Amino acid sequence: MTFRFLINPIKEKRYVLRDSWISAAHRSRTADHLAVLMAISLPWSTTIFGVFTVLWLIMLLTVIDARQFRFQFRRPAYWLPVALFCLAAIGMLWADAPWAARIHAAGSVVKLLAIPLLMHQFERSGKGLAVFLAFLGSCTVLLALSWLSWFEPRVIPAHDKIPGVPVKNWITQGVEFVLCIFGSAALAIVIWRRQRRYAAAGLVLLGAAFFLNMALVASSRTALVSLPILLLISTFRYMKWREALILYTAIAITAALTWFLAPNLQERIASIQQQYASSQSQQTSVGLRLEYWTKSLRFIRNAPLAGHGTGSIRSLFEREAGGEAVTDNQIVANPHNQTLYFALEWGVIGVILLYAMWLSHFLMFIDMRWISWLGIIVVSQNVLGSLFNSHLSDYVEGWIYVMGVGVAGGMVSRVRKPPPVAGPAS
């Protein structure tokens, strides 16, 4: 009798835990937590991020409402990313390239399939803010390590790492830090309006720390060029003109002081003209980009409508070389421009779908809400960065776009959704 009394509660507890695990609510919360872990790991490790992404996908597919999900595909923001992936998959059929290159190129856009899934998830979940805060917190740790490695380079374990860039590269780090500057500003405004002045001031200082790091430590030209344009987009949409004028004055003074105090920033900006002038006599990053773009335009003219097929870019540059003595930098699978990338592989059709997707995602965030501000910044930064790089096709930068648009889009749709109508009282 005593033995039964002891064993029954254990069985009941086991059944409760099992029922809790298999419940849809528990699996939905687990999918939310995995999305948070994806945001934390993205700035650091593609391997760990990939593991969390697979687990997130498995968990989400067990709770997704298939009927509602299909219904959402009447919205272009949902189906255009899927259409781009389908075009990449079909484009493998007419590419004149090894199948390994075709599959790899198609894999670079498979991440777009996560956009409608994330939008659907966070339209129903209230944990979208946690994803953005997790990314901001993870990048803040990266910021601290960046400053530390700049002051004391010996903390960087690998000898080939650049001081101030502990992981990835300065372009990726610049993309992350630009988003954190505007994310900190948006959160500071929201918290200030809730009378939490000290917390708002802390977020402003955090944003300033991100900016100073970009100016003094690791300057990405792409990020620096995008900063003033993103600032104009933000203030034009979300601030009154007098407030914007005061802000511009303060920023102009800060920028002038930073310019004189940051030799690294001066060097990065001045190098653009220097590299362009010397591009005829030696290889420079600016000169190589101009070479990629010039050759790409010539390749596009040969197949303007549907392009050369998925994964064909490297083969095009190899055939152009024609056995001549060229360096590895001149044979690339990426023309460092997203429009040219899509035009080379999928022609005008691919470019139209790309621009339509960007536009549909931009139009999702026209409301006067702070989360819409973040969404517009994510889209605008990807568009601007894609002028000088193929950010949508790159791994980290592309996933930043996917997660930013997916989570913010879901949050905006959740706010816009009308409240349920109460039934008649019985």
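Placed from the backbone N, Cα and C atoms, the Cβ positions cover glycine too.
Feature annotation from TrEMBL assigns transmembrane segment to 42-64 (among others). If one looks beyond the transmembrane segment (42-64) by at least 6 residues along the same chain, the residues whose Cβ comes under 8 Å of a Cβ in the stretch are 24, 27-28, 30-31, 34-35, 114, 117, 120-121, 135, 138-139, 142, 167-168, 172-173, 176, 395-396, 399-400, 403.
Annotation source TrEMBL lists transmembrane segment at 76-95 (among others).
Per TrEMBL, the feature transmembrane segment maps to 101-119 (among others). Counting same-chain residues at least six beyond the ends of the transmembrane segment (101-119), those with a Cβ under 8 angstroms from any Cβ of the stretch are 35, 53, 57, 60, 64, 69, 72-73, 77-79, 81-82, 84-85, 88-89, 91-92, 95, 309-315, 333, 345, 357, 392-395, 398-399, 402-403, 405-407, 409-410, 413.
According to TrEMBL, the feature transmembrane segment maps to 131-150 (among others). A Cβ distance under 8 Å defines the sequence-distant neighbours of the transmembrane segment (131-150), meaning residues of its chain 6+ beyond its ends; these are 35-44, 122, 156, 161, 163-167, 173, 176-177, 179-180, 183-184, 187, 206, 209-210, 213, 216-218, 374, 403, 407-408.
Listed as Cβ neighbours of the transmembrane segment (170-191) (distance under 8 Å, sequence separation of 6 or more from its ends, same chain) are residues 43, 132, 135-136, 139-140, 142-143, 146, 162, 164, 199-201, 203-204, 206-207, 210-211, 213-214, 218-220, 222-224, 226-227, 230, 234, 370, 373-374, 377-378, 381, 385, 389, 391, 394, 396-397, 400, 404. Residues or ranges marked as transmembrane segment by TrEMBL: 170-191 (among others).
Using a Cβ-Cβ cut-off under 8 Å and counting only residues 6 or more beyond its ends in the same chain, the transmembrane segment (198-216) has close neighbours at 139-140, 143, 146-147, 150, 164, 174, 177-178, 180-182, 184-185, 187-189, 191-192, 223-224, 227, 258, 261-262, 264-265. What TrEMBL records for 198-216 (among others) is transmembrane segment.
The domain 'O-antigen ligase-related' annotation in TrEMBL covers 210-354.
According to TrEMBL, the feature transmembrane segment maps to 245-262 (among others).
The transmembrane segment annotation in TrEMBL covers 340-358 (among others). A Cβ distance under 8 Å defines the sequence-distant neighbours of the transmembrane segment (340-358), meaning residues of its chain 6+ beyond its ends; these are 76-77, 80-81, 83-84, 87-88, 91, 95, 105, 112, 292-293, 296-297, 299-300, 303-313, 316, 334, 379, 382-383, 390, 392-393.
According to TrEMBL, the feature transmembrane segment maps to 370-392 (among others).
Per TrEMBL, the feature transmembrane segment maps to 398-415 (among others).
Tertiary proximity for the transmembrane segment (76-95) is limited to same-chain residues at least six positions away from its ends with a CB under 8 Å from its CB atoms, namely 101-103, 105-106, 109-110, 112-113, 115-116, 119, 306-312, 345-346, 349-350, 353-354, 356-357, 360-361, 363-364, 409.
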